[in-house]
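Annotated features in Swiss-Prot:
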SIGNAL    1-18  signal peptide
ACT_SITE  142  active site, nucleophile
SITE      161  site 'Important for catalytic activity'
CARBOHYD  172  N-linked glycosylation site
CARBOHYD  194  N-linked glycosylation site
CARBOHYD  258  N-linked glycosylation site
SITE      319  site 'Important for catalytic activity'
SITE      332  site 'Important for catalytic activity'
CARBOHYD  341  N-linked glycosylation site
CARBOHYD  347  N-linked glycosylation site
DISULFID  387-391  disulfide bond
């Protein structure tokens, strides 16, 4: 009986969200004049921190964690509570704490040692830090956009939507984990020899990267891709000893840190075996250098590129293959395209991209931050977001 009630609630919620996708107040006309960020959809700036790559991996995050450890403990405790709600025996978390630390040596450098350093400084068990990093392989719902204006200038924008089904606060209509991630959101300037190697926006405690750019070379964001051959299978294979695939957040960071051109980045992201199916959204600095790479775990299915000579002056990627319809209760693609077409190619700027990313349901209850990247000018900025009621849950 309880199962029937839950199913009825889920179906009712789905129908409500499906209807809300198409009608105000959960959708709206394309926003204008939202930039510079202000007002009720703007939570505040994302703080900057430097990560010194010349330090041993174990020590790189210590200075940042001295400030952010309490907030990280709150988030990890929330995730643990959610897991224990579904597995009340506590056996799953016991396995996490007992089994995962033994696998730290199988992680590629420098990620294992960085996680070990994070665990020691925060006092959070190493197994939970590892699971916290796995967690980002599975729950990333995002919108990414690359545009090219009439002069061939490229811009890259993204909304980071995270935390779906990870605890709903009925008192203020927010996702628990989404809200707890906002104090942990940081801009990171990764430096070597006191010079910037790359910049990224990420969450404290996570050593992979999901959003970043290499000034003057390329920009990169990652969106989750739903597939039957999904990330859970990749994680299980890794836990049972198969180590031939890379974690998606690790390969993104590795490309940002080590790759020296747009074409090299595209080649790596297209061919490397990965643990979870994803979309890599990659932008460069020259006309036509922008693409969405649709990945299965072991192969690339599609590389969809800018083609301004034939009228394709933007690419938009949410969490669905471009050749398929979106899920009927989650269509962010259509309003994003509508607003870009309304903007027109001649009016592209940080301001107009931010307007698109501020329009419901592209902006929704899962949106943690918005990032804007200009590779050519070396501009990178991120802003914490809110979506006050009435606002769709995803």
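Keep in mind that glycine also has a Cβ here, set from the backbone N, Cα and C atoms.
Other C-beta atoms found within 10 angstroms of the C-beta of residue 142 (active site, nucleophile) number 24, with every protein chain shown included.
Residue pair residue 387 (disulfide bond) / residue 172 (N-linked glycosylation site) shows a Cα separation of 11 Å. Of the candidate recorded positions, 161, 319, 341, the one lying closest to residue 391 (disulfide bond) when CA atoms are compared is 161.
Cα separation, residue 161 (site 'Important for catalytic activity') to residue 172 (N-linked glycosylation site), rounded: 18 Å. Closest by Cα distance to residue 347 (N-linked glycosylation site), from the recorded positions 172, 258, 319, 332, is 332. A helical conformation is recorded for residue 258 (N-linked glycosylation site) in the three-state DSSP classification.
In sequence order, 141, 142, 223, 224, 225, 226, 279, 330 constitute the residues six or more apart from residue 319 (site 'Important for catalytic activity') in its chain with CB-CB distances below 8 Å.
The distance from the Cα of residue 172 (N-linked glycosylation site) to the Cα of residue 332 (site 'Important for catalytic activity') comes to 23 Å.
Of all Cβ atoms in the protein chains displayed, 22 besides its own lie within 10 Å of the Cβ of residue 387 (disulfide bond). In the three-state DSSP scheme, residue 142 (active site, nucleophile) is classed as strand. The separation of residue 258 (N-linked glycosylation site) from residue 194 (N-linked glycosylation site), Cα to Cα, is 16 Å. Cβ neighbour counts within 10 Å, taken over all protein chains shown, single out 347 as the most crowded of the glycosylation sites 194, 347. Rounded to a whole value, the Cα-Cα separation of residue 332 (site 'Important for catalytic activity') and residue 341 (N-linked glycosylation site) is 14 Å.
Here the recorded positions are 161, 391; the one with the fewest Cβ atoms within 10 Å of its Cβ is 391. In the three-state DSSP classification, residue 161 (site 'Important for catalytic activity') falls within a strand.
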